[in-house]
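To start, the structure itself, in structure tokens.
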């Protein structure tokens, strides 16, 4: 099943609205975490071909899923919640529920921009993929840099 094409600007606008409404109740660290990630999203919109921008935005969205769970669970007002407070809490929870879906769409955009999922089994250990590097004690002899191409004589150099 293929994901539908969703514009990154729509994702940003939706999370900006929900975060703004969530800040009615949860301010401080909730606002800093979410608006910082939205700034990374603006960077990803501005640089359409940047893999770094979209990967930072994706990583930030994943981090704010955890942070939002912590913020909502710690700072949830348990007494005398007004209608406005319930609305703000509801929007913060809706934002939290939509973030995994947004992560799927942003990951799809990351793959479209040429990003790859780099998972190494030897985390903090030596990697086994060294195909792009030549070892120092290689058995292959290097090509002779002073070899004369065929069809040209030794004295026909263009110095």
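Backbone N, Cα and C define each Cβ position, glycine as well.
What Swiss-Prot says about this one:
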TOPO_DOM  1-23  topological domain 'Extracellular'
TRANSMEM  24-44  transmembrane segment
TOPO_DOM  45-55  topological domain 'Cytoplasmic'
TRANSMEM  56-76  transmembrane segment
TOPO_DOM  77-86  topological domain 'Extracellular'
TRANSMEM  87-107  transmembrane segment
TOPO_DOM  108-159  topological domain 'Cytoplasmic'
REGION    110-122  region 'Interaction with AGTR1'
MOD_RES   126  phosphoserine
MOD_RES   127  phosphoserine
MOD_RES   135  phosphothreonine
MOD_RES   138  phosphoserine
MOD_RES   153  phosphoserine
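Shown for the topological domain 'Extracellular' (77-86): DSSP residue counts in helix, strand and coil, namely 4 helix, 0 strand, 6 coil. Break the topological domain 'Cytoplasmic' (45-55) down by DSSP state and the numbers are 7 helix, 0 strand, 4 coil.
Using a Cβ-Cβ cut-off under 8 Å and counting only residues 6 or more beyond its ends in the same chain, the topological domain 'Extracellular' (77-86) has close neighbours at 24-25.
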